[in-house]
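As recorded in TrEMBL, the features of this protein are as follows:
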type     : residues : note
COMPBIAS : 90-102   : compositional bias 'Polar residues'
COMPBIAS : 135-153  : compositional bias 'Pro residues'
COMPBIAS : 158-172  : compositional bias 'Polar residues'
COMPBIAS : 193-203  : compositional bias 'Polar residues'
COMPBIAS : 216-230  : compositional bias 'Pro residues'
COMPBIAS : 273-282  : compositional bias 'Pro residues'
COMPBIAS : 297-313  : compositional bias 'Polar residues'
COMPBIAS : 314-345  : compositional bias 'Low complexity'
DOMAIN   : 433-469  : domain 'Zinc finger Sec23/Sec24-type'
DOMAIN   : 506-745  : domain 'Sec23/Sec24 trunk'
DOMAIN   : 750-834  : domain 'Sec23/Sec24 beta-sandwich'
DOMAIN   : 845-945  : domain 'Sec23/Sec24 helical'
DOMAIN   : 971-1044 : domain 'Gelsolin-like'
REGION   : 1-345    : region 'Disordered'
Amino acid sequence: MSSTDFSSQNGAGGPPYANGPSQNPVALQPPGPGYMAHQTPYNPMQAKGPMPPGPGLYNSGPYQPIPPVSSNQALPGQPMLKRPPMGHQHSMTPPQSASPNPGSRIPPAHATPPPVSANNYQHAPAWQYGGTPPMGAPPSMGAPPPMAMPPLRPVGNHMTSSPSLATPQASSAEYRATPPVFHNAMQPLGPPTSLQGYTQQAAPHSYQPGMRAPYGGPPPSVRPTPPTTGPPMGNATPHLGPKTDGHMPTPGNGAQVPNSFDHLEMGPKMAGPLPPQQPGPPTRHVGLSYPSLPPGYQNTSAPPNAATMQHPVQPSTQPYSHPQPYQQPSAGPAQLSPSLSGLSLQSQTPEALRVVNLLQERNLLPLGPVTPPTPCLPQDLQKINCHPEVFRSTLTSIPQTQSLLNKAKLPLGLLLHPFKDLSQLPVVTSSTIVRCRSCRTYINPFVTFLDQRRWKCNLCYRVNDVPEEFMYNPVSRSYGEPHKRPEVQNATLEFIAPSEYMLRPPQPAVYLIVLDVSHNAVETGYLDVVCQSLLENINALPGDSRTKIGFITFDSTIHFYNLQEGLSQPQMLIVSDIEDIFLPTPDSLLVNLNECKELVQDLLRSLPQMFGKTMETQCALGPALQAAFKLLSATGGRVSVFQTQLPSLGVGALKSREDPNQRASAKDIQHLSPATDFYKKLALDCSGQQVAVDLFLLSSQYCDLASLGCISRYSAGSVYYYPSYHQQHNPAGVECFQKDLKRYLTRKIGFEAVMRIRCSKGLSIHTFHGNFFVRSTDLLSLPNVNPDAGFAVQMSIEENLVDMQSVSFQAALLYTSSKGERRIRVHTMCLPVVNSLSDIFAGADVQAITCLLASMAVDRSVTASLSDARDAMTNASIDSLTSFRTSVLTIQQPGLLAPACLRLFPLYILALLKQKAFRTGTSTRLDDRVFAMCQLKYQPLAYVMLMIHPALYRVDDLTDEGALNVSERTIPQPRVQQLSVEKLSRDGAFLMDAGSVIYLWIGRNCNPNFLTQVLGLPNYAAVPLNMNMLPELDTAESQRTRVFVGWLREQRPFFPILHVIRDESPLKASFLQNMIEDRTESALSYYEFLLHIQQQVSK
């Protein structure tokens, strides 16, 4: 297919669609006057020439430049259906960041590794972190500039199966209070203004020549005037400046729609031109009394903070208190300079920089979960910072310059879990949502109040007026304390959006179920499970009185179901012309669930029997998806597709591309990219009409998930994969499917959403990871958003941050709730800026870095090769430890030295190399590998880390010592063990939590008491080979073990299967493959890997 297929623009003269990993096109322009020239980014691919291949374990061929990942753009000749744009969408998705470009230093899989010799390896190219590529360097893993023609290669954006709730920690307590709702009934001052006159935001990077902000860019006067307490924090103008075009095309085949979703997220601005900017005066006390205002809020309970519990503000007994002299909040970001002066990491060596010799210290794992580093901020700012389970940076101390970042050899990026289920979420209802007039940042805890009437934006430093309505505090029922409002006390909160954020009435919840009913599908027995689950949960589907539902089944033909009110039973309508699909009765195929519930229930009861004796083996998935798109394109909604085999008929038909004989022996893995662009094109059409497609793949044979997954990846859907699913032969898989399906049907959902990530001026977002479509350079289109989805963005430093003491990041998600409300969920994070390498290393978040590198490695595997991705991950650990050794350590010592904060980095990299997505030399089914890659791209950090590095516990001696008490349950907390067979004991029982699966390994000489009291078995020989559940026995040992396993399962939204295994069990090999630290025929042990890294670091 020609590369022009995705190059046309959507709408007249609008920017092309681009789907992540998309590089910010503006970043490729030369710097203009007054700009810091881009530093040549860290790019070992250029610096290190190829060496002759060594006799040993590592690929040493030179890296071949690969075309960049395609940007998804609207397709010429394939006009999208045009419909009125749907209600506006929330823009809030956490970014995940920093991806280096892989080079080649990773151990490939050969049979027996020879002794490690310094001559065996070359220091091959690694990732490039941030910035623009130097001349002659291979393109970065982002998409080309908007007008470039993307190659039809894989995936930029990546899908994953349903993510799960992050592991609650002690710090999660802040989520447990009842969320207060603040209602502000006061009317906005002045008439409402039209949306059409407002400018949009520019690409997510700093100012560029010819695209100044309307007020002339950041004049010197924008610099903050030092407050009385000390020098200013130097936050500069935001990288998101207003766009000059003023319009954003919405999907369709005609002219631009003036009011677009981009406009909606930008929100209304105050009428009138922007006043000239003046330097903010020093903080001063205001002794004026202000007239009382009648309270306009209905709920006055104090919101616990989303990041940490705040001291509640006691409501006054009077409707409002007497005016008090204005006082600046204790430590705003503008006062960080004096506050940070005593926090320098160089005055004494912090624990994070304690030098660890990895070759000598074996017990590196902490006793419990790895905790993220705490940013070096004043305590009162840190107390209200965004919670790391929601918003997290790979570096909690941001380097001042790109050259300093390049020198550290660490990736800079953000990881987001924006729609995470929170038991405590302040909700504000106000007729005025206060935002910066320049960069459109939402007011947040890190802005600075110059006085009662003016606040300074923490992203662009513009001074804004405080609206009159904002002067009233609904919590304390007082007037004249804007800095105590909920919006300024919570880093995570949600707004009920006013009508200015809507283009049309919010859409209803619409659900379409698409079922494979071919012989292969019926044979698996999945239809009974789906229909029964829908019957049980039909009243729990998120929605309101407008909720709609519909059904399509397919084999070699497409079957629709007329469920119109008044019929005595459902009516099946068969369309056999799959080449030109049409809707037989468009008005009666999607029906109101409340009005037609009995017909829907009748259909669900009869469907399994209806196709019970079918002999039809063909499968027309493509035409069924086209029918689903036509049915939902008028309203938007969610399509749930259940598929059991390779599509064989009509458009989108596929052929098997897997050679089972090559699974273990192939040097590189083929067919990781789609075989056809049909599913990607259809997904883009779906995204334009606010339709998301979720794919459930239940199969024992190859289904080409690399191709089918595109339908979910680019429409912001989810992928669920159940290999070898069968109702009789795989009961554990059936239980897993049932639990996942219940969660899927009943979890919260947001419709017609958009998310935008803003950051302080000088920083630039250039690549996104997750399931979405990039509507403009910084706006993610999310037809559906669910609480189990994670996102990541990579970042670079475009301008020196020398004048800044801190930078801020804000993710805003605009969505329609299942109840038909437009809501905006906003997360804001503040991080300090540092100018020394030691401070950068001290703030490194090893788990966030690992997850970001995993997403980048998936991209590299698809766009280049698996061996390139493996090499690049190895290089990442080599380069960062080399930088630490040469630039931070003052006394050189023998051994492999790492700062304590990165002591687990080589272990995590080795774990990635042995993970199903990237491993070689081990038989791995292609669909299994692709699904593992999907999970790495789409799952939030807490779940990804268990899939990368499982947790191993000894459980035959559980006690209540050190146990947690949760909801009147006592949960044992055994110590985490190293992933090595040497830690296993034949007289013990060990439980391994690998994220999506849990293994309970029973030693041959296991304590008989454990066998009888926990498993209910007389001896070791009685342990069955396919045991998948723990019996409920009335013993203390059984109670402890079941509570511990149940607690682990509660940490995630998907259901991990439990396998009880012994030496003879067929799953023992899978259990042992997770022993990361042990040597295998095709991979190094942890100690050998450390020796290899030491040789490269010492060169």
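Glycine residues also receive a Cβ, built from the backbone N, Cα and C atoms like all the rest.
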### Query
Considering only Cβ pairs under 8 Å, which range in 433-469, 845-945, 971-1044 makes the most contacts with the domain 'Sec23/Sec24 beta-sandwich' (750-834)?
433-469
### Query
By DSSP, how many residues in the domain 'Sec23/Sec24 beta-sandwich' (750-834) are helix, how many strand, and how many coil?
0 helix, 60 strand, 25 coil
### Message
Check for me, if you would, whether the domain 'Sec23/Sec24 trunk' (506-745) reaches the domain 'Sec23/Sec24 helical' (845-945) - at least 3 Cβ pairs under 8 Å, residues 6 or more apart in sequence.
### Response
yes
### Message
Let's see if you can do this one: DSSP helix, strand and coil counts over the domain 'Sec23/Sec24 helical' (845-945), in that order.
### Response
70 helix, 3 strand, 28 coil
### Query
Which residue counts does DSSP give the domain 'Gelsolin-like' (971-1044) for helix, strand and coil?
23 helix, 15 strand, 36 coil
#### Entry: Summary of DSSP states over the domain 'Zinc finger Sec23/Sec24-type' (433-469), given as helix, strand and coil counts
2 helix, 12 strand, 23 coil
